[in-house]
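Have a look at the structure below, then the notes.
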């Protein structure tokens with residue numbers, strides 16, 4: 001989409017500075033297509049780990065429909081907005097730049113704060129997930145100080161890996177993604193002879209837990225825009241970003257659906273057993289203990305990839321906000337050795353470490369809530385940031401015309417200037433608790 005000169009003129013200096021700052025990072029290795037695809041994949045999903053509660057909440061049929069339909073309602077629009085605006089404004093501020101361009105500094109700051117907080121809360125969930133899968137192999141990690149020490153140690157070690165450079169994190173994401181998905185491909189293939197298609201149509205036996213159901217869908221198919229804060233680190237962003245997002249959307253949805261179809265079709269268990277980690281139990285039922293252990297190892301690797309991708313987004317967002325003047329300059333300081341925003345990484349890691357001791361459900365719900373508030377601003381930014389005056393004029397006139405048309409038609413109806421069917425009146429009566437009229441000749 002072309003950006004009008006009028007749109008470009010407002011707030012020109014901060015954005016130019018941010019763009020030049022990104023271009024001047026010559027010593028940094030740029031992200032290419034494949035690492036970017038896997039970073040997006042880990043920003044959003046990281047594999048089918050965590051989709052199981054959707055079955056527990058609403059049964060196999062609604063879980064399958066949710067992962068089929070929800071991407072078109074939420075994921076695809078969010079990915080399209082991210083592709084459009086990241087190519088228009090390729091700086092590390094990402095969605096902060098968009099809101100700043102559309103509404104000014106206050107809304108830009110609010111967007112940055114809400115998205116950063118939702119990001120670090122989300123990062124806090126991944127060491128918890130990692131240790132939750134590890135405690136299935138090592139029960140000593142189920143509770144107490146061993147669990148807390150393990151969460152602390154994993155956060156420190158993984159944060160240091162992030163410090164070594166985004167290119168390293170990107171290629172690590174490729175390896176982690178392929179290795180963590182491989183046991184699911186094996187399980188799905190081995191499940192085929194055991195699949196009974198009628199099981200896919202089950203609505204479950206429990207009362208529907210809609211809160212858990214939608215939280216699960218939202219958390220598993222969310223955060224597509226997080227990668228926008230890395231736009232300044234991408235090689236040829238105008239060409240790379242849209243293609244990477246397209247591949248990542250397809251890849252992510254397929255990665256969720258294939259195991260979901262396989263396990264719900266091949267395994268018949270009580271609905272309450274579909275908790276986080278049930279895929280590993282299902283793997284044991286389908287193939288044996290060896291596949292269960294392989295999936296649990298894959299879950300740990302996936303949690304590492306999720307942590308790395310989302311910590312990167314949070315850290316580079318702080319650098320982008322410093323470039324735009326929303327934060328002091330020192331928030332954008334980069335390491336002399338690795339050219340990474342070390343202070344952003346440190347702040348993000350410390351905050352996520354403190355939050356990682358919350359209840360897991362509370363972590364997810366808090367991240368979703370803050371993220372949703374930010375998304376309202378993001379969608380509004382998309383509407384306001386990129387159009388010429390003629391587009392606003394046409395859409396404004398048409399909107400006013402549509403409102404006027406409604407009242408004009410109601411005037412014609414009341415004055416009986418034209419003849420109308422009674423369907424609308426009947427529907428209005430139904431809404432108000434009245435019985436619709438029935439024509440005598442149909443009685």
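Quick reminder: no glycine exception, Cβ is built from N, Cα and C everywhere.
In TrEMBL this protein carries:
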- 31-49: transmembrane segment (TRANSMEM)
- 55-76: transmembrane segment (TRANSMEM)
- 168-192: transmembrane segment (TRANSMEM)
- 243-269: transmembrane segment (TRANSMEM)
- 290-307: transmembrane segment (TRANSMEM)
- 342-360: transmembrane segment (TRANSMEM)
- 367-384: transmembrane segment (TRANSMEM)
- 390-409: transmembrane segment (TRANSMEM)
Contact between the transmembrane segment (55-76) and the transmembrane segment (243-269) (3 or more Cβ pairs under 8 Å, separation 6+): yes
Same-chain residues at least 6 beyond the ends of the transmembrane segment (168-192) whose Cβ lies under 8 Å from its Cβ atoms: 31-32, 34-36, 38-39, 41-42, 46-48, 161-162, 255, 258-259, 261-263, 265-267, 279, 282-283, 286-287, 291, 294-295, 297-299, 301-302, 304-305, 308-309, 312
Remote residues contacting the transmembrane segment (342-360) - C-beta distance under 8 A, at least 6 residues beyond either end: 119-121, 123-125, 127-129, 132, 148, 151-152, 155-156, 159, 162-163, 276, 311, 314-319, 330-335, 366
Tertiary contacts of the transmembrane segment (290-307), as residues 6+ beyond its ends and Cβ separation under 8 Å: 38, 42, 46-47, 49, 123, 126-127, 129-130, 133-134, 136-137, 155, 158, 172-173, 176-177, 179-184, 186-187, 190, 277, 279-281, 283-284
